[in-house]
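Colleague: Dropping the structure in here first, questions after.
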Amino acid sequence: MNNIRKNHPLMKIMNNSFIDLPAPSNISSWWNFGSLLGACLALQIITGLFLAMHYTADTTTAFSSVAHICRDVNYGWIIRYLHANGASMFFLCLFIHIGRGLYYGSFTLTETWNIGIILLFTVMATAFMGYVLPWGQMSFWGATVITNLLSAIPYIGTNLVEWIWGGFSVDKATLTRFFAFHFILPFIIAALVLVHLLFLHETGSNNPLGISSDSDKIPFHPYYTIKDLLGLLLLILLTLILVLFSPDLLGDPDNYTPANPLNTPPHIKPEWYFLFAYAILRSIPNKLGGVLALIFSILILAIIPILHTAKQRSMLFRPLSQCLFWTLTADLLILTWIGGQPVEHPFITIGQVASILYFTLILILMPMVSLIENKMLKW
């Protein structure tokens, strides 16, 4: 058995990635989220496959088919709610995973970090298209508002929007293509995950100290397989509590009304995991400016390795940078709250201040404070 594990071409890859992989001896529970994201992706693909067996991508029957899944299909309700709340868990793990990368300086592994950013964009695109599929009011108007943002692109904007719609409004053609993309993208994500891991295993994992751990490595199995299993059990527990006790907690009641192009909901808002970006978009009165701010709010992650001015990789021993990191976390929570509020006083002002603070913290304050810390440590 030992020989098969180490010599068989396929088993050898598995062995070197998950069993005999040399891992730092001191990585904390914050390093669990990579495997949890893998578990979330597997859950989404499996539940999504079963939903696709009963779903019809047609404007006249899409809403009814989702109701049919919940009412008539055996355990359809639990599959549907696992899929919907699984997306929330996916993004929760994703945000923590990125936050850990920022805090401990994992972004210095630039290839892994950049593939991660591409993964983030792909997951966001997949989630957006998935939200359109039940064809409720918020699905329809969310699709209309977000796709319409592309019309802000000079010269080609309008043509681009109509090309994506497949007509002059969000209609049957849009729903069909969104379903096709929503089905294929998770498999592209899975392929990108393998590339993400490939680059990670070229350098090895970072650790809380941010120093080389070559001198002290332990095998991934059994130490981190057991540790990851604990995280997985807690994630399953949290997901099941959400699915079985309050499955609609994170959803929008408007999505239980079938899509009606003649009736606009009073407050159009996306799912909670997009609210921070939506708040940044809304905080700029100009359409093109808002779209650019929206894109840059996520693309800013790509320039973080360039903005890293500290001599230490991790924030573990940098209290001033820690203060700014947690200020950024609080700022993102404020933006998330603002994104779900109506566009009126005082929410407009709070959103604008929070948006300015978001960019100021990342682009100016964090690099400056890192330089100050270097001076204080006489480095």
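Positions of Cβ are set from backbone N, Cα and C atoms, glycine also.
Given the structure is predicted, the values throughout are model-derived calculations rather than measurements.
Annotation comment: Swiss-Prot describes 33-53, 77-98, 113-133, 178-198, 226-246, 288-308, 320-340, 347-367 as transmembrane segment. Marked as heme b b562 binding site by Swiss-Prot on the basis of similarity to another entry: H83, H182. Look at Swiss-Prot and you will find H97, H196 tagged as heme b b566 binding site. Residues annotated as ubiquinone binding site in Swiss-Prot, with similarity to another entry given as evidence: H201.
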Colleague: Of the binding-site residues H97, H196, H201, which sits closest to H83 (heme b b562 binding site) by Cα distance?
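Modeller: For H83 (heme b b562 binding site), the spatially nearest of the binding-site residues is H97.
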Colleague: Quick one: of the binding-site residues H97, H196, H201, which has its CA closest to the CA of H182 (heme b b562 binding site)?
Modeller: H196
Colleague: Kindly say whether the transmembrane segment (33-53) and the transmembrane segment (347-367) touch, using the definition of 3 or more Cβ pairs under 8 Å where each pair is 6 or more positions apart.
Modeller: no
Colleague: Using Cβ atoms and a strict cutoff of less than 8 Å, what residues sit near the transmembrane segment (77-98) while being 6 or more residues removed from its termini?
Modeller: 30, 33-34, 36-37, 40-41, 43-44, 47-48, 50-51, 66, 69-71, 116, 120, 123, 127, 130, 235, 238-239, 242-243, 247, 250-251, 271-273, 301
Colleague: Check the binding-site residues H97, H201 for other C-beta atoms within 10 angstroms of each C-beta and report the one with the most.
Modeller: H97
Colleague: At a C-beta cut-off of under 8 Å, are there same-chain residues at least 6 beyond the transmembrane segment (320-340) that contact it? List them, or none.
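Modeller: Result: 99, 102-103, 269-270, 272, 274-280, 282, 310, 347, 350-351, 354-355, 357-358, 361-362, 365-366, 369-370, 372-373.
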Colleague: Please list residues from the chain of H196 (heme b b566 binding site) whose Cβ is under 8 angstroms from its Cβ, counting only those at least six apart in sequence.
Modeller: T112, I115, G116, L119
Colleague: So what's near the transmembrane segment (347-367) in sequence-distant terms, Cβ-Cβ under 8 Å and 6+ beyond its ends?
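Modeller: For the transmembrane segment (347-367), the far contacts come to 279-280, 282-284, 293, 296-297, 300, 304, 307-309, 321, 324-325, 327-328, 331-332, 334-335, 338-339, 341.
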Colleague: Whole-number answer please: how many Å between the C-alpha atoms of H201 (ubiquinone binding site) and H97 (heme b b566 binding site)?
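Modeller: Given the Cα positions, H201 (ubiquinone binding site) is 17 Å from H97 (heme b b566 binding site).
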